[in-house]
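Take a look at the structure below.
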Amino acid sequence: MVLVEQYPPMTILYDPTIRKDSTTNGVTSPQFATEQELCLMYFDKWSEQHQIDFVEHLLARMCHYQHGHIDTYLKPMLQRDFISLLPKKGLDHVAENILSYLDAESLYAAELVCKEWYRVISEGMLWKKLIERKVRTDSLWRGLAERRGIQYLFKPKPGEHHPDHFSYRALFPKIIQDIESIESNWRTGHFLLQRINCRSENSKGVYCLQYDDNKIVSGLRDNTIKIWDRNTLECVKVVLTGHTGSVLCLQYDDKVIVSGSSDSTVRVWNVATGEMVNTLIHHCEAVLHLRFSNNMMVTCSKDRSIAVWDMVSTSEMTLRRVLVGHRAAVNVVDFDDKYIVSASGDRTIKVWNTSSCEFVRTLNGHKRGIACLQYRDRLVVSGSSDNTIRLWDIEYGACLRVLEGHEELVRCIRFDSKRIVSGAYDGKIKVWNLVAALDPRAPASTLCLRTLMEHSGRVFRLQFDEFQIVSSSHDDTILIWDFLNYNDTNNSAAGTSNNVLHGGSNAHTNDTLPPLPPGFE
């Protein structure tokens with residue numbers, strides 16, 4: 001005999017097919033109708049709180065499937081289309097203000113809710129406001145607006161009018177397509193290449209540069225500073241002369257150009273006229289690098305010292321403090337309101353307090369002299385003659401990552417929130433993924449995005465933004481690598497490069513930098 005295990009009968013908590021009521025064949029009984037009318041009459045006489053208490057008691061006496069029916073009945077009653085209700089009360093501006101906080105994906109969805117929502121979005125010009133907000137808060141959008149002339153859509157030229165809502169709605173995906181194209185060109189190494197030939201009788205290298213949308217300012221081995229027009233790529237008439245040695249470093253703002261030279265001087269020039277307005281004589285050997293910001297300047301030299309200056313005016317710059325501690329030439333400095341950071345051929349990076357100029361700490365790790373660095377927030381990125389790049393946390397002095405790939409001295413380095421771009425004596429420029437480099441789980445093989453090879457000599461200096469790299473070299477050229485305007489139709493005029501990481505080293509027999517370019521020595 002087989003024993004069958006007995007299970008208790010299943011209890012169905014809610015079956016929507018079951019409906020219990022006091023109807024017979026769809027006809028309500030007279031008794032129920034009378035009792036219901038009496039209950040409603042009493043209910044209407046009670047206060048709101050008493051009504052709530054009564055309904056709560058009713059709900060407590062119901063079974064689960066009845067709760068389900070009531071829930072289905074209440075849901076549409078509890079929904080409120082507040083966007084449609086506001087304009088009916090003359091509050092269109094409130095509805096517009098609420099929807100103006102939406103991102104693009106949510107704004108697309110909101111347009112599909114109903115005609116009233118679409119009207120509020122359209123008449124409120126919310127796509128225009130979204131693009132304006134992006135341009136205000138995102139440097140990539142701001143740069144695109146300037147390069148594509150989009151800023152004139154927000155403030156039309158005299159005599160012109162704002163485009164309609166549909167124009168802004170159509171513009172948004174075009175901007176997104178532009179951004180995706182730029183990111184793709186960075187990843188795949190597609191660029192439109194422009195070349196400035198700086199060769200002169202005495203020139204054998206462009207040691208430093210800085211650029212903006214209108215000009216490139218360059219320092220050359222022939223002791224001059226030359227300014228190049230961004231549109232024509234021609235040298236403007238004014239050539240700054242006065243240094244008696246190679247121009248090794250420079251920086252400019254809207255008022256002055258400040259340059260340092262192998263003649264041991266720092267010179268100040270009027271950016272508009274090219275007139276020399278000041279000469280600072282302090283260092284006893286070549287001035288290798290300088291930085292200025294907020295009425296303060298820091299210079300460093302082959303004489304192993306760092307000088308901190310107060311920039312009272314273009315003609316009055318006073319020496320505040322000399323920082324001593326490096327045991328070899330100080331090749332580069334950077335600073336902000338908190339720290340001054342310096343790097344030397346003695347293989348160390350030193351950190352100093354900006355306000356007091358007191359020494360804070362030393363970052364050790366490079367195996368050869370350090371040629372370049374950039375410092376921002378807590379991050380320091382440095383390049384060395386040990387052919388590596390190191391990322392440091394300045395507060396803890398810890399090395400976060402070592403990037404390997406260059407075959408010779410890493411001479412220049414810059415980074416932003418996404419990328420590190422480095423140039424080296426192997427003639428190559430490498431683009432690295434900064435976000436991945438800061439992730440200890442990211443494999444080393446994934447960090448170098450592209451290797452760009454167009455220079456035929458050592459890369460001395462570079463600067464970049466979201467759209468381009470501008471680099472200078474011992475080959476007497478300035479190259480502009482344009483990632484914005486590349487497309488398949490101008491492929492023949494553009495450059496491409498292979499994503500190749502080359503290991504190996506070019507070891508040096510001493511612990512200082514290898515021979516510096518002419519002018520540094």
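Note: Cβ is positioned from N, Cα and C throughout, glycine not excepted.
Positions annotated as compositional bias 'Polar residues' by TrEMBL: 497-512.
Secondary structure by DSSP for the domain 'F-box' (92-130): 30 helix, 0 strand, 9 coil. Per TrEMBL, domain 'F-box' is recorded for 92-130.
Taken from TrEMBL, the feature region 'Disordered' covers 497-521.
Taken from TrEMBL, the feature repeat 'WD' covers 199-238 (among others). Along the repeat 'WD' (199-238), the predicted structure has mean pLDDT 91.
Residues annotated as repeat 'WD' in TrEMBL: 240-279 (among others).
Taken from TrEMBL, the feature repeat 'WD' covers 280-319 (among others).
Per TrEMBL, the feature repeat 'WD' maps to 323-362 (among others).
Summarising the annotation, TrEMBL assigns repeat 'WD' to 363-402 (among others). For the repeat 'WD' (363-402), same-chain residues at least 6 beyond its ends with a Cβ under 8 Å from one of its own Cβ atoms are 328, 331-332, 334-336, 339, 341, 343-351, 408-415, 420, 422, 424, 432, 437-438, 440, 447, 505-506, 508, 511-514.
The repeat 'WD' annotation in TrEMBL covers 403-434 (among others).
For 452-491 (among others), the entry in TrEMBL reads repeat 'WD'. Same-chain residues lying 6 or more positions outside the repeat 'WD' (452-491) and placing a CB less than 8 Å from one of its CB atoms are 139-140, 143-144, 147, 178, 181-182, 185-186, 189-199, 203-211, 216, 218, 228, 408, 411-412, 414, 416, 419, 421, 423-425, 427-431, 497, 517.
According to DSSP, the repeat 'WD' (323-362) comprises 0 helix, 24 strand, 16 coil.
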